[in-house]
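J.: Structure in structure tokens, see below.
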């Protein structure tokens, strides 16, 4: 009996050992690179900590490249090859193997992933007020202190989300007609003494404007998109903009000036206003919804000591169908511009080239003039203001 028990134990042990030998022999071992990658991933996971409020990741802003990819598959083999390479280089955007591209993709210039854009996103998150920013006006003074000859907002700016949050939520204490121009706008004062420009929404998000590049009203969403694109491209020359929904009846009319109130009217059950501008008229007011709510954009007013100088855009259009601008028919026009405004003396000539790419991306075809800070003279940076057309 003892011998039978020992024999049974030996048989079971042998089967167990043989089973593990088969598993070990026929299971491929990970390569050295895989082991290192797994080890690095585990080590990174153990060391990674959730971002704290106001914390920053080290490093500079990403060097980005923008690629234009056709939405429809191309029949050209070379284009298909390029699209395949782009798709392989940007798998971090999506785990979907059948990744589809929108018209524009923004990729990190080093390795094609999106992680380097994290700081730009983190800046939009509001956090607790820092020491010294406790009074009503301190937050606006902070935003004003960022503005100088080289920037309107800093590249590394963890307090930006706090300013955007204040713009979107601070009570409106005054409302008046907007400054002169071609488009409807209102001037609002938020608690703490900060003026902002309100551009009302005139279209649905998916509305397509037909006609000339300068046809139609301004898009309030265009101003918002321009502000964020300005940061992504590293220009930092656009004023701070945020979207906001405002109740015209309870938030605007009680604090509005008489000049603004005179432009209010009712259309059915909708509250509307048409303001004062070159093309503003009672027949074309901006109207809230049936609950008196109006969506629009708020643009932060620049500090009062920053006086602006207006320049005629050297490549502006004529706004006449039967007349072309000189740059449209004169092949030597660019050479003449460089002779009159040499690059070493006029910084904003180079800024105009940057702005041309910027306007193409946001679909703005109406930059007939631009502004710089008057005190900076010919070396002033071109400010990316009034970017809401189309």
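Cβ coordinates are placed from backbone N, Cα and C, and glycine is handled just like the others.
All annotation found in TrEMBL is predicted automatically rather than curated by experts.
OK, TrEMBL features for this one:
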- 9-27: transmembrane segment (TRANSMEM)
- 45-56: compositional bias 'Polar residues' (COMPBIAS)
- 183, 199, 299, 300, 301, 302, 371, 386: ATP binding site (BINDING)
- 264-389: domain 'FAM20 C-terminal' (DOMAIN)
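I'd like these features described in context: how deep, what's nearby, how far apart.
T.: Note: residue 302 (ATP binding site) has non-local neighbours 144, 147, 152, 239, 308, i.e. same-chain residues 6+ apart with C-beta under 8 A of its own C-beta.
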J.: Since the record lists 183, 299 as binding-site residues, which of them has the fewest other Cβ atoms within 10 Å of its Cβ?
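T.: Among the binding-site residues 183, 299, the lowest count of other Cβ atoms within 10 Å belongs to 183.
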J.: Based on DSSP, tally up the residues of the domain 'FAM20 C-terminal' (264-389) by helix, strand and coil.
T.: 33 helix, 30 strand, 63 coil
J.: Which whole-number mean pLDDT does the model give the domain 'FAM20 C-terminal' (264-389)?
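T.: For the domain 'FAM20 C-terminal' (264-389), the model's average pLDDT rounds to 90.
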J.: Provide the number of Cβ atoms within 10 Å of the Cβ of residue 301 (ATP binding site), excluding the reference atom itself.
T.: 21
J.: Around the C-beta of residue 386 (ATP binding site), how many further C-beta atoms are within 10 angstroms, looking at every protein chain?
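T.: Other Cβ atoms found within 10 Å: 25.
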J.: Taking the Cβ of residue 371 (ATP binding site) as the centre, how many other Cβ atoms fall within a 10 Å radius?
T.: 17
